[in-house]
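K.L.:
Attaching a single structure in structure tokens format; questions to follow.
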Ligand SMILES: NC(=O)C1=CN([C@@H]2O[C@H](COP(=O)(O)OP(=O)(O)OC[C@H]3O[C@@H](n4cnc5c(N)ncnc54)[C@H](O)[C@@H]3O)[C@@H](O)[C@H]2O)C=CC1
Ligand SMILES: O=C([O-])CC(=O)C(=O)O
């Protein structure tokens, strides 16, 4: 049977994450090894030539699942009929730029993109925002798309989730595949909270297995939360391949489901669960099935976790207030 290709739009396609991401989408890792895709690459005018170069390389791979590539600097064209949108392109913070300036600059990108998604995307559109500040950029895009169900806008905390699993595996000597039910709460920023109190290592509670609150507070949490900065320091450039890998994992899990007994972390619109103000796009533990996700309910939150979740959610609320003041939402 010939399947209809899925339209996948990638913004910031000529950037470093784009370069690591596009080949894996085209080879079937985003949606599945039997799902053909059509790529739409959105860039700013200065990025179009480099995007064309990447498209030439994609052609040269002769990927059987890749059914077309279109390159444009027009969001209305890029999101026309889009089923999946990966919003990677963002304005990086430059020297002397205040946080408010960064939010304003990104508002100029994510507001029109949200509107273009609202007006042109397919009814089943799923959006992943990677570009930083990812949670608040997702909030801006979502607010500009009132006709799209709010739960279709998500922000990426899967890289943090994967980083936390890897750190926990290294600490305990466990295999990565033995670690389940880890949670990233809050913002994709240094305030994020990687929570191992509900995690399991080979079926045993992770916090009890580790049994070392000093390591948890002073090593594990800051290592995961500041990993992005450590990569920049070491590599001289921000995480690209691991970020692309996490974007693939995020969408693949959203579309294809979490394993029985496990969950993942996604930045999703809060319904008020766990005291996170309704409407904020915050990271939660979620299960996915049939292309939809649900926030895991009923987890007991201890004092150690509560303080840290609250701090990260407060930062999200502050960012929301700042973009509201700027008229972006
Ligand atoms: N959520 C997460 O876990 C992570 C997020 N990031 C973020 O992802 C973003 C992209 O990172 P890189 O690829 O390394 O950056 P990059 O600077 O290499 O590429 C960004 C690309 O976006 C393009 N762009 C800028 N404005 C655009 C617009 N309005 N429409 C379309 N394209 C536009 C630029 O021309 C550039 O080609 C950054 O904001 C970075 O901070 C990076 C790592 C992890
Ligand atoms: O810190 C950055 O700029 C990139 C990022 O989001 C990460 O690696 O987590």
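Cβ atoms are placed via backbone N, Cα and C, with glycine included.
Keep in mind that this is a model prediction, so the values were computed, not measured.
The feature domain 'Lactate/malate dehydrogenase N-terminal' is assigned by TrEMBL to 7-146. As annotated by TrEMBL, NAD(+) binding site applies to 12, 13, 14, 15, 16, 17, 18, 106, 113, 130, 131, 132. Per TrEMBL, the feature substrate binding site maps to 93, 99, 132, 163. Annotation comment: TrEMBL describes 157-323 as domain 'Lactate/malate dehydrogenase C-terminal'. What TrEMBL records for 188 is active site, proton acceptor.
Would you situate these features in the structure and describe their surroundings?
P.N.:
Confidence across the domain 'Lactate/malate dehydrogenase N-terminal' (7-146), taken as the mean pLDDT and rounded to a whole number, stands at 96.
Long-range Cβ contacts of residue 132 (substrate binding site) within its own chain (separation 6+, distance under 8 Å): 90, 92, 106, 188.
The number of other Cβ atoms within 10 Å of the Cβ belonging to residue 93 (substrate binding site), over all protein chains shown, comes to 15.
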K.L.:
Quick one, of the recorded positions 16, 113, 131, 163, 188, which Cβ has the fewest other Cβ within 10 Å?
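P.N.:
Counting other Cβ atoms within 10 Å of each of the recorded positions 16, 113, 131, 163, 188, the minimum falls on 16.
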K.L.:
Quick check for the class: what is the C-alpha distance, in angstrom and rounded, between residue 14 (NAD(+) binding site) and residue 99 (substrate binding site)?
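P.N.:
Cα of residue 14 (NAD(+) binding site) to Cα of residue 99 (substrate binding site) measures 25 Å after rounding.
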K.L.:
Just checking a number: largest C-alpha distance across 12, 13, 14, 15, 16, 17, 18, 106, 113, 130, 131, 132 for the NAD(+) site, rounded to a whole Å.
P.N.:
20
K.L.:
Rounded to whole angstrom, what's the largest C-alpha distance between any two of 93, 99, 132, 163, listed as binding substrate?
P.N.:
26
K.L.:
Using all protein chains in view, find how many other C-beta atoms are within 10 Å of the C-beta of residue 18 (NAD(+) binding site).
P.N.:
25
K.L.:
Taking the Cα atoms as reference points, how far is residue 18 (NAD(+) binding site) from residue 99 (substrate binding site) in Å?
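P.N.:
Residue 18 (NAD(+) binding site) and residue 99 (substrate binding site) have their Cα atoms 25 Å apart.
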K.L.:
Are any of the binding-site residues 12, 14, 18, 93, 132, 163 near ligand 2, with a Cβ under 6 Å from it, and if so which?
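P.N.:
With ligand 2 as the reference and 6 Å as the Cβ limit, the list reads 132.
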